Structures are given as C-alpha cells and as structure tokens.
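Trainee: Can you read through this structure? Questions will come right after.
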Amino acid sequence: MRWGSLSRKRLPILLGVLLTIYFILLSLQPGQSPGHWLKRLDFLLYDLRFNAALDWHPPERGGQPIIIIDIDEKSLAQEGQWPWSRHKLADLVTMLAQYGAVVVAFDVVFSEPERNPVDDIRKRLALDGERWLAPDGWRRQVDADTHFAQELPATDVVLGFFFLDEANVSVGQLPAPVYELPPESASRSVVITKPGYAANLPLLQDAAAGAGFVTTFADADGAIRLAPLIIRYGNELYPSLALATVMAYLFDRQLQLETVALGEVDVLRYAGVGGQLARTDAAGRVIVPYKGPKRTFPYLSATDVLNGNISPDALEGAIVLVGTSALGLSDLRATPVGTQYPGVEVHANIIDALLNDEFPYRPEWEAGALLAQLLLFGLLLSFWLPRLGPFAAISVSGIAVLLGISGNFYLWTYQHLDLPLAAVLLLVGGLTIINLGYGFISENVSRRLLKGMFDQYVPPAHIERMMNDPAAYQFAGESKELTVLFSDIRSFTNISESLSAADLKALLNSYFTPVTKVIFDHEGTIDKYVGDMVMAFWGAPLDDERHAFHAVQAALSMQQVTASLCEEFAARGWPAIKIGIGINSGQMNVGDMGSSYRRAYTVLGDAVNLGSRLESITKFYDAEILVGEHTQALAPEFVYRYVDRIQVKGKNEPIRVYEPLGRIGDVEEAVLKELQMQQRAVEHYFARRWDDAVLMFTRLEQQQPRRLYQVYIERIADLRQQVLPEDWDGVFRHTAK
C-alpha cells in the first residue's frame, strides 16, 4: 500500500517534468516553421490579445491627418471600372493638391504604359493600307502617361511598386535606393532580399517624389501581422510605401539603421527616418500596430474628390493614401482585426506609427523569457498539483493561466512587448489534465451517486451544475423561501372508472411525461407523483431568485400542454382532461428526509400546505390556476385576475388569491378591460355597495360567463340576509380541504 501510494504521487510529478521538458524543447528548437501547430496557436492568441487590448486600451492616433482616398464601389459605378485612365488619375492628383494634401501615396503600380489613341488610329489605318502622318505633338497632347507625369509634381506623390521572387525580372524603373550596403556589410545582412521587381514607368517614376514597395508578407494562416520597412535588392535597400511616404512628409530621404553584430551576421534592431525609429526584427520587419478595425482612419470616396464634393479643408495638410476597398479589386487582406481589411489601410497604420514612434516589438530576450516561464510554471505545478484535490488543482491552474495571460497582456498593452504565450498555456493545461485524470475514478463514482439520487426529479441542467459545483446545494435540511406547485386532474375518479387499467396507465404516462418536461424546462424540481397529482417546487436544491416566476410560467405552459393532449386523447378514444393547479410561495423546510429504509428530497411547512389547499379550491372557482398573494407579489411579470380573499381550513390568516392569465403584453385588450371592470365590482363588494356590485358582476357574467362572477352574485345574496359586524372584512372561509 505504501509503495502504491508513493507511486500515485510520483507518477504525475514525473509526467509533469517530462511534459515541461517536451515544451521547452518544442518551443526553443531552431527554425520552427511558421506552419507549425504551436506557431499557429500563437497566431490565434496574438489576434485575441490584439483585439482585447484595442477594447481595453484603445490607442490614440497621432496629430498628423492621414486620409484614405477610396476607389470604392461608388467611385467605380460613377467613374467607370478599374483601371481608370491616367487622365482621370492626373485630375485626381490635381484636385488633391488643390485641397491641400501635402503627400499623396498611391497603393498602385503603373508598370505598363496606357494605350495612346493616336497609336490606335495609326494601327487601324495601317490595316486598311492607309497612312496617317499625324504630328508628334498631337500624340504627346493626348498621351495619358504624359498628362499624369505632368501633374505629379503638383504635390509630393509617392508611387508603389512590387518586389518579386522571380529572378531576372525587372519591369519598369526602381526609385533611387535609400541606403547602399558597404561590400563588407552586404554578406552579413539578413534583411529580406528579393531578386526581381515590377516598378513604374520611368516617365512616372522620374516625375514622382519617391516610391515604396507594396509587397505584402502574410503569416502561415494568411494574416498580415508583420510588414517589412526595407527590402534589399542587390546591395541596395529600398523603403516600403509607408516609409517612403514618411520620408516625403519629413523631407528627409536619409534612412537611419541601427544594427547589432551577432557572430557572423548584423542583426537589424531599428530602422526609420528623421529620428523616428521603429523597432524591427532582424529581417527589417515591424509588427503592424493596427489602431482598430477597418475604417479606423477616415475615408473619402475618390469620385467625391474628383467632383469637388468634399469640404474645402478636408485634406488641408493631410497625408493622403490612394487605394481601394472594393471587393472586386483584390486588395482586401486578412489581419488580426478583420478578414476583409483594405490593404491601403495597412500602410496608414504603419505611417501613423512611424510618425509617433508607437511600434510593439519582440525583444531579443524573448527566448529567455519563454524558457523562464516554462520552467517556473512547469516545475512548480508538477510538484504542487498532485497534492491538491481536483477543484483546488483547477483553481491553482486557473490562477497560473490568469497570471500568464495578464502578465503577457500587460507587457503588450503598456510596454509594447510581444512575447509568445501558447506554449505556457498548453503546458499548464497539460499538467492540469494529467493531475485531474488521477482523480477521475473517484469523481466519476461521486457523479453517478448524485445522478442516481436526483435524476428522477431534478432537471438535467440542475444535475450537471450540482455535479460541477457541490457547494451550490446541500442534502441537510434548511429553511428557505421557495415556491411549491400542486396539480391534479379534475374528476379523475370518473375518468379512471371509464378506462381499463392498461388505458389508465397509458393516459397517466402520456400526461405525466410532457408535464414533467414543462416543469424541468422551467427549472423546477419534481417532489412526487401521487395518483394523478404532481407536486413540484422551485428554489431548491439550487438557488433560484426567480422561483415564483418560473413556477407561474410553468403552470401556464402546463395549461397549453394539457389542451394539446386532449386532441391526442380524443383520437385514442380517451376522455378529455382538465387540471387544477395551486401555487404558493413562502418559507419552507427542504432537504433529504425519510427513514433509513427510504428517503426523499422534499419540502414541508405551512406554505406547502397552503399550496395544496389552493389547488383543491380551483374547482370551487372553476379556475385552472390559483396563486397566493405572496407568489403574485414575487412574480409581477404576469397579468392576474383577482379571485377572492379567503381563509382556508386549518389557517387563521386570510390571504388574497389570484388567477394568472399570461405575461404582461400577451393578454388581449378585451381581457384587460374586463379586469378593470371586475376590480370596480370587487371594490363595491368590499364597500358593501351590494346593488352596484351585483349590477357589475351581472354585467360581467353576461359578457363573459364565469363561475367566479356567479360566486360573487350568490354570495352577495346570502350576505344581504345577514347582519354583518362593523369590522366585516369580506373574507370567505373555505371549510373543505
């Protein structure tokens, strides 16, 4: 036994240590591919943390206005399908300059010349054997590329271009590089290198203030989380569109780099311009600091700009990005903040961060921090969890997860540090599963015992909660406010005499099954079945602050179920049934009661007895449901008909009795008017204005024949024959149970 006990303690410790070692090796293995399952989980956690941080601590945009001119669906509908003529783009640049834009960046590449109409005419005439000697001046006047190039100097325009993976592909003209690596540094650089490019026409590139690459790099799941600020081509470095735009805005094309020599490579740490340095990784990439979901930055429709339909000062002093959010133009990207995010707005986020020095980054001690977390959580929980019970183990693991998440969240939100989290959370989760597995057998036995005790009379949802939270209930007797319901079938004796034993059993089963389901659906507990009677209560074994509401709602649903059963019974040749329901709320004793031979979870008390009395007098008033005044007060969501002020046998205190008619808002207007008239009649009754009361009850009875109105008419006739005391309170005393 001693050896077995020691083994049971040592084995989970050993498994925990082995799991810790596994995650350390898994997380720190060099060259872990981006598609690795652990890396993908880190992507998911990164996105969740990113969006949570945006909600918790929304970042503020800088003071520089950054506005996106959107070639949107509206623009395409009014100006024509893309690509637009460069005459139109020239007009757009002119309008942007007139509105005061200081820098205009195109998230577009103009690598092919636009066809000249003069050339088209010449070709068509040549096919017909003719020749047109048009002056070259005509050709230049109608040339769209020339027109576009002439308008580019109207303001500082930055064009986009692509770097390609295909070697020896060089389309168009690259802009001037912003940095040239010395020969001794070129072999040590690990900046992203590309062998080909697709750039702009030389005519346009020469006229523009600059250009930046718009090449994107998505993670393995397709989302853009990182973006390079620079890319190497040959021994020269070229800026991204965002960096080139900032250079134009600051009138500074001097790229600033800070590197650290690590062995045989130079690791890039910072890149920027004009003192605005962004923390990069070794390859020159920054974490894209999205400010929010798409359209966080202001958008203006391109057609509105072309037609002068914007405010005169809308673009004054602004950095303008020209791009598209149209679905058909294929520039929508997956990002942590949305799966249909306009690519042009990715550049806007980077520009804003470059100008305000707000980039998160992965520190060089990232690997050491991960190792420390894995060792701390792994070894601590490996030795601690086996000594705890299941709930304590879950609590401790939950605290560990909370510490890991909150610490990671704090460093991201307030220190702008990006640290991996998936391995730590998986390790804590794995250690928890290992230790909980050892308590599974005893836990399973306990759950089976509990289910066997409560399965027949507690809703399945209650059982599940009780099994998961034993502190939420107790078997020992206690006194608490509950609501009890009694229901039986009217004239059941006559029904039982008209049916065979087999049919009677089938009828009761057909009735009890849907009625029990209704009670369970409304969070009730079945106390017992006695013959045709059903007894249920609310508020135990689990607390229910709305116990009265759920009981009344269940009673109304039982009415509907019984009505639908009558159609089924008629088809089987069985008699129709009607039920009477009594509901009362109050202090009751509840708990596991009985003898050593048989026990039951039940309720006792005067409030319970009163509920039974209310059910028995439903026949007297011909009401299907009667509730006591305490229930009516606890469930004000319903419309009630005042029935009577009564004193039942065995009780000295009178109570008011009500009949629930339905939820407020569901009861017809005609019924509400009837209730108002009835209330006035009852007021006449208690004031002993017999003639007025009889007149109104008679009128009510004529409009809606009800046993209740006839009861009052007959009672008033009897009271008129009596000499009533001065303190007559209108209470009717029921003498039968």
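Positions of Cβ are set from backbone N, Cα and C atoms, glycine also.
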Trainee: Of the ranges 369-390, 391-412, which one does TrEMBL list as transmembrane segment?
Mentor: 391-412
Trainee: Report the DSSP secondary-structure composition of the domain 'Guanylate cyclase' (483-615) as helix, strand and coil residue counts.
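Mentor: Looking at the domain 'Guanylate cyclase' (483-615) with DSSP, the answer is 63 helix, 41 strand, 29 coil.
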Trainee: For the transmembrane segment (12-31), give me same-chain residues lying six or more residues beyond its boundaries with a C-beta closer than 8 angstroms to one of its C-beta atoms, as numbers and ranges.
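Mentor: Same-chain contacts beyond the ends: 38, 367, 370-371, 374-375, 378-379, 381-383, 385-386, 420, 423, 426-427, 430-431, 434-435, 438.
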Trainee: Taking the domain 'Guanylate cyclase' (483-615) alone, what is its mean pLDDT?
Mentor: 91
Trainee: For the transmembrane segment (391-412), give me same-chain residues lying six or more residues beyond its boundaries with a C-beta closer than 8 angstroms to one of its C-beta atoms, as numbers and ranges.
Mentor: 49-50, 52-53, 56, 360, 373, 377, 380-381, 384-385, 418-419, 421, 424-425, 428-429, 431-432, 435-436
